[in-house]
Amino acid sequence: MSIEIPAGLTELLQGFTVEVLRHQPADLLEFALQHFTRLQEENERKGTARFGHEGRTWGDAGAAGGGGTPSKGVNFAEEPRHSDSENGEEEEEEAADAGAFNAPVINRFTRRASVCAEAYNPDEEEDDAESRIIHPKTDDQRNRLQEACKDILLFKNLDPEQMSQVLDAMFEKLVKEGEHVIDQGDDGDNFYVIDRGTFDIYVKCDGVGRCVGNYDNRGSFGELALMYNTPRAATITATSPGALWGLDRVTFRRIIVKNNAKKRKMYESFIESLPFLKSLEVSERLKVVDVIGTKVYNDGEQIIAQGDSADSFFIVESGEVKITMKRKGKSEVEENGAVEIARCSRGQYFGELALVTNKPRAASAHAIGTVKCLAMDVQAFERLLGPCMEIMKRNIATYEEQLVALFGTNMDIVEPTA
């Protein structure tokens, strides 16, 4: 089936997508409201409604980076133009120094060609419908690939097994000076991560090609065309011999899109099963799913330390966590001076006490065996778990009873300390 894409829609969504990838907002709806309100205000000030114009950053060019700085990354020409790096999240720090990159005005009167591509529903695909693709690599190649991928935002939320599948599936592509890696208007076939080399970004405007930026030994491009079935928005040309790591379209969508969809669905079910979150509305629980991250700890690894400032709240997804506490000024029975006061298993949570009382951590937590936890930062905790706060505060009485039984005192876990 061929679907006619309204003029300007692709550019609008691409610009919004990159803004989300750059800023990682905890509240996506609020961020979208602010983003599109800003666009509308900019258009009103200019006296025209150019919905294809994203006034601060260009989605296919990634975050503006370099801007004349000698650091490696993506650099954009002073005159803003349309480009196709489609990513560049890893250049976000450079973007803060270089300033925002202004996007070009898209001609909304030019009719957009229809886009016909396969539909992809991650829920309909069987788990093993596709055989796993493995491109053998030497230890040196794998190390270089891991280094090149470590700051790519698309891979940030993949667990170790998923990341291993991505690394296995990626293939090395050597390029010569002057070679076109992708061409504007072509269908997207691969996602690319730069290992080494310099590349220019060219965009045709009114039939004339212009260089709008470049990559210097770092960066990635090509994911938006794969995610949204849109043609390439620019041409990427090698300006020196170099090497890229490629990930094919099918593997990209299967691993990145499908696994993210599966993980969201799994976390939705898990969050819904937690009794202390029952007081949240469905929409509030979905917001929790959006902001939680996964952390894996090895046997004996410390998760939180007594006395540290609180920055996260944890829910045990799998494994067991030991909670220990040191009595003030007195060594207890264990060699490390701490006594075990509780254990947490799947569905139980810890780390909330310091967030509720605004005090340093009252206890330490260590992994028993391999432990996987869902973690939520303090800002999201305060914003999203307000309805659950009374339940958590009621637990303080239970904690105090445990401490009195163990130490003969409640350890002042509630009263403010200096």
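The backbone N, Cα and C atoms fix where each Cβ goes, glycine too.
Database features (Swiss-Prot):
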REGION    2-153  region 'Dimerization and phosphorylation'
REGION    45-98  region 'Disordered'
MOD_RES   T69  phosphothreonine
MOD_RES   S83  phosphoserine
MOD_RES   S85  phosphoserine
COMPBIAS  86-96  compositional bias 'Acidic residues'
MOD_RES   S114  phosphoserine
BINDING   276-418  3',5'-cyclic AMP 2 binding site
Return the residue, from the listed binding-site residues T294, S312, Q348, with the maximum count of other C-beta atoms within 10 angstroms of its C-beta.
S312
Could you find out if DSSP has S312 (3',5'-cyclic AMP 2 binding site) as helix, strand or coil?
strand
For the region 'Dimerization and phosphorylation' (2-153), provide the mean pLDDT of the predicted model.
58
